[in-house]
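Engineer: Relevant sequence annotations retrieved from TrEMBL are reproduced here:
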- 169-263: domain 'P-type ATPase A' (DOMAIN)
- 37-57: transmembrane segment (TRANSMEM)
- 104-131: transmembrane segment (TRANSMEM)
- 286-307: transmembrane segment (TRANSMEM)
- 319-343: transmembrane segment (TRANSMEM)
- 660-679: transmembrane segment (TRANSMEM)
- 716-743: transmembrane segment (TRANSMEM)
- 799-819: transmembrane segment (TRANSMEM)
- 831-851: transmembrane segment (TRANSMEM)
- 917-944: transmembrane segment (TRANSMEM)
- 956-980: transmembrane segment (TRANSMEM)
Amino acid sequence: MMRASQGKEANELERALDAVFNATGVHRVADFLRGNAFVAVVSWVLFVVAGISHILMHVGGGGVVETQTAATVSKACTILVYALAGTPEFVDVTYELAVGNVNIHVLTTLAVLGTVLLGCAMEGALLLVLFASAHFVEDRLTSHARGDLKALWGTVPTTADVVTLNSDGVPDIASIREVPAADVEIGTTIFVKAGQQVPLDGVVVHGSALVSIQHITGEALPVMKRYGDEIPAGAMNTDGVLVVKSLRSSEESTPARIARLTEAAQRRRPKVSRLIDSIGDRYSKAILAITFITMILAPVVLGIPFLGRGGAMYRSFAFLSAAAPCALLMSPLVYVAAIGAMARRGVLIRGGLTLDALAEVGTVALDKTGTITTGQMSCTSITRFDCEKPEQGAPGASLKSLAYALNLERGSSHPIAAAVTASTRGLDLPDVGNAGDYKVVHGSGVEGLFAGKRARFGTAEFALELCGDDAENCSLAINSETRDGEIVAVLAVEGERPALFRFSDTLNSKAPEAAESLRSGRCRRRWWEMADNSKGLELLMLTGDNQTSAKAMAEAIKLAPENVYSGLTPDQKLKLIEDARERKKTSKYPRVAMVGDGINDAPALAAADVGVAIASTPSDAAASAADVLLLTKDDDGGISQLPELFTLADRTRTVLRQNIALAVISIIGSAIPALFGAFPLWLAVLLHEGATLMVAMNSVRLLVTFGRQPLSKTTTLALWAFTVFCALGAAYTVCSEAVAIFISQLHLSNWMGVITAFKSAWAGLLAGCLHTLTGPDHLAALTPLTVGPSRAQNALMGALWGFGHNTGQILFGCIFILLRDRLPLNMEIIGQFGQGIVGLTLIIIGAMGFWESFGGHSHSHSHSHSHSHSHGTDMPMPAKRDSSFISWTYITGTIHGLQPDSLFLLLPALALPRVEAISFLATFFIGTIIAMGTYTYCIGAGTAALEKNNPKFVSYIARGSSGVALAFGVLFVISAVFGLDLI
């Protein structure tokens with residue numbers, strides 16, 4: 001496996017490690033444990049059990065378990081945590097040390113080893129589960145940032161229905177046969193029916209259909225594909241029947257090429273990544289040196305003890321963990337997220353360097369055809385002539401001219417033929433018959449025979465030969481109606497008047513708005529910068545077309561005449577790009593971008609700082625010279641995609657700066673206090689890993705914003721869990737340690753009572769939160785409450801039950817205090833009483849669950865669940881639980897709180913002074929309410945997730961949990977009556 005060598009030849013030590021780890025199976029175990037969500041959860045559970053057992057061991061078992069038993073459980077769970085969370089780290093670090101690498105894995109593992117040497121194994125276990133959880137979430141975020149590129153070709157069919165066309169070009173249905181897509185040769189005709197996906201890139205040779213290419217462009221609306229239209233692999237045929245002739249193999253299909261180009265771009269490292277990598281190794285070694293220097297000199301110079309919590313060794317390892325550059329190394333993740341986001345929208349960026357350059361572009365040179373325009377011709381008018389003066393023919397005459405032109409151009413791939421075909425869609429054309437004696441005269445036009453009359457369509461000189469003696473007059477009339485640079489074609493039919501067809505390139509409907517956004521800089525400005533015009537881009541038009549056509553399009557997008565250059569050769573375009581760069585080299589935005597779509601644009605695309613090619617597929621000729629590839633989709637391509645591209649580049653740079661600032665602040669803010677003993681080791685690690693996750697989250701938001709790709713539920717849950725844990729740790733630090741240090745520095749002894757009260761409150765909050773997890777009776781009691789109209793209402797029911805539980809504890813505590821001198825403290829009787837209380841609670845809750853499931857709420861539940869699932873929210877539903885259910889929820893919680901076992905959790909308050917006791921009890925009750933509500937919410941969320949796979953699952957859960965609660969309740973009550981101890 002040789003992980004550390006990363007493709008280089010392994011040294012002797014690595015080969016020895018491979019042999020040992022493979023022989024012992026350590027490799028397989030480490031690979032299974034690494035990044036496993038279930039293992040991470042189990043590690044946390046084991047750590048919590050070890051922590052509780054550790055506390056019970058130091059308080060003599062707390063009357064719950066024997067001290068020796070608690071110690072054994074604590075040690076066993078701690079060892080299991082080290083085995084589960086530490087094995088992958090141990091294997092990775094061993095390989096790193098084998099090649100002399102000193103990176104973050106080495107630093108953190110040394111810190112864990114240091115805690116063991118100091119006798120703080122519990123703290124080391126906490127570090128391991130923190131590392132494992134943080135790395136799990138970071139890996140998920142990184143994977144999400146790259147985007148699910150494999151989905152681009154993962155949904156493409158692996159088989160194709162090959163079909164044979166008969167002499168009329170109609171598919172022979174009987175000849176259809178299924179073959180592997182990888183075996184289909186270029187030029188093979190493929191049958192695609194409605195509901196199927198196109199297996200290979202191809203061109204439509206028969207049929208028409210609405211096709212969705214959302215996997216390429218991100219656009220959900222389907223587009224019409226007809227004869228002659230190209231169609232990418234993976235496109236979904238939503239209706240109709242298509243026969244597609246394959247143009248490329250499966251390995252060279254559009255989705256596969258997009259994925260390969262994007263993955264290659266994400267591997268290209270921007271300047272900041274290379275800079276961080278260049279200093280990373282030296283930085284790690286410097287941190288390691290400072291750690292050992294501090295460990296050695298602190299006891300000698302400052303008189304700090306070497307061992308023990310807070311000693312020189314402890315502080316050094318805390319500094320070592322906090323100063324590791326994890327967050328800094330995670331900062332360039334923003335580039336990966338940005339590239340992945342745009343790839344899912346049909347924009348391929350070749351690397352982070354391109355994004356850096358885009359953020360510095362001040363001039364954008366635009367080709368006209370295919371950039372400002374759609375690149376598709378349209379027929380703008382048809383004029384009939386009498387060879388002396390032009391006149392607009394009757395509507396029927398124009399339709400007849402179109403019918404002749406359509407029949408002559410049918411089957412041609414010429415742009416004029418496509419324009420004629422497009423102009424006839426939806427029209428009821430007269431029947432002029434089919435063209436016979438069909439001929440193509442290259443460079444001139446086409447001709448055919450209609451009912452004995454010859455017809456020609458093409459250049460004026462070619463077509464007017466059919467006009468005989470009137471040809472010269474007709475030519476003069478046509479020339480008088482033709483403007484410079486206009487694209488025209490003439491239709492001439494023997495015995496009929498000729499017709500002049502005018503064609504023009506179609507303006508991209510979004511071009512004016514996009515040009516204004518670029519010119520004003522609106523695509524770069526934030527809301528607080530709306531008055532700042534310094535971010536505007538200079539727009540140039542560089543086109544090989546004639547001046548008339550260029551001027552018309554420039555006016556349409558409000559481009560200044562001095563910025564329009566027409567009739568250019570490729571060399572002249574390149575020269576203008578270099579001139580623009582020279583002119584802007586001292587400005588704030590010195591770089592130049594070129595946007596084009598043709599082979600003649602390739603030199604300018606290559607010469608520009610950023611070349612942006614507009615292409616229908618990644619294999620187009622202009623794409624090879626470009627840094628950015630825009631995959632067009634009808635009117636959504638071209639210039640309309642540029643503003644978002646520049647917005648992304650600007651946001652990427654901003655997020656990168658935020659990431660670096662956050663990383664530096666987190667390293668300094670946690671490493672220095674840890675070095676001076678202000679932060680314990682576990683807290684330094686917690687803040688350090690929290691900052692790393694914040695950097696990852698900050699980067700991934702680009703993917704959500706621009707790529708419209710939300711996080712998975714698993715990643716979101718893990719992220720929130722770790723964020724909450726970090727927030728609690730930070731709150732503990734700020735409100736406890738920092739305030740205590742501040743007070744001690746001011747010598748305000750009167751404030752020490754406040755600090756002590758706060759610590760008691762913090763302990764009460766933790767005890768209240770953990771209280772929910774202390775017994776299965778809570779699970780049995782809360783599960784029936786999870787089957788309700790919405791997750792929010794479930795959480796409120798759980799919180800209400802927790803509030804009732806607190807009420808019962810208070811009542812039982814008051815009764816116990818008032819009557820403790822009069823009651824015989826028989827533990828057996830007290831235990832049976834508590835068992836009976838638990839049983840009574842479960843009976844009532846089970847009955848409520850059955851009433852809820854079979855009673856009048858069944859319909860409302862079903863309705864609410866379907867509504868909630870449709871909208872994905874927890875907003876209040878029309879169907880609500882009535883007041884009787886709410887009242888009984890509170891009552892059962894109160895009854896459950898009357899059990900004697902509840903007093904054990906409140907015993908610490910009896911040994912505290914009044915203020916500290918009140919603080920402990922208040923936050924204990926708050927923690928219980930929050931935990932019960934959260935517990936119920938989580939159970940309900942899990943139930944809802946299972947319900948998606950089985951709609952009847954909610955009713956099964958409701959009745960099953962109610963039945964279990966009722967059965968256990970009856971069992972507990974009977975056992976209490978007969979004196980049997982079950983709990």
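Positions of Cβ are set from backbone N, Cα and C atoms, glycine also.
Let's see these features in context: how buried, what's close, how far.
Structural biologist: Applying DSSP to the domain 'P-type ATPase A' (169-263) sorts its residues as follows: 20 helix, 39 strand, 36 coil.
Outside the transmembrane segment (104-131) by six or more residues, the chain places 40, 43-44, 47, 50-51, 54, 74, 78, 81-82, 85-86, 89-90, 92-93, 96-97, 284, 287-288, 307-309, 311, 313-314, 316-318, 320-321, 323-326, 329, 680-682, 685-686, 689 with a CB less than 8 A from a CB of the stretch.
Long-range contacts of the transmembrane segment (286-307) within the same chain, counting only residues at least 6 positions beyond its ends with a Cβ under 8 Å from a Cβ of the stretch, are 102, 107, 110, 118, 313-317, 319-320, 323-324, 675, 677.
Sequence-remote contacts of a segment are chain residues at least 6 beyond its ends whose Cβ falls under 8 Å from one of its Cβ atoms, and for the transmembrane segment (660-679) they are 272, 294, 304, 310, 315-316, 318-319, 321-323, 325, 327-328, 330-331, 687-688, 690-692, 694-695, 698, 733, 737-738, 741.
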Engineer: Mind looking up the mean pLDDT for the domain 'P-type ATPase A' (169-263) in the predicted model?
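Structural biologist: Mean pLDDT for the domain 'P-type ATPase A' (169-263): 80.
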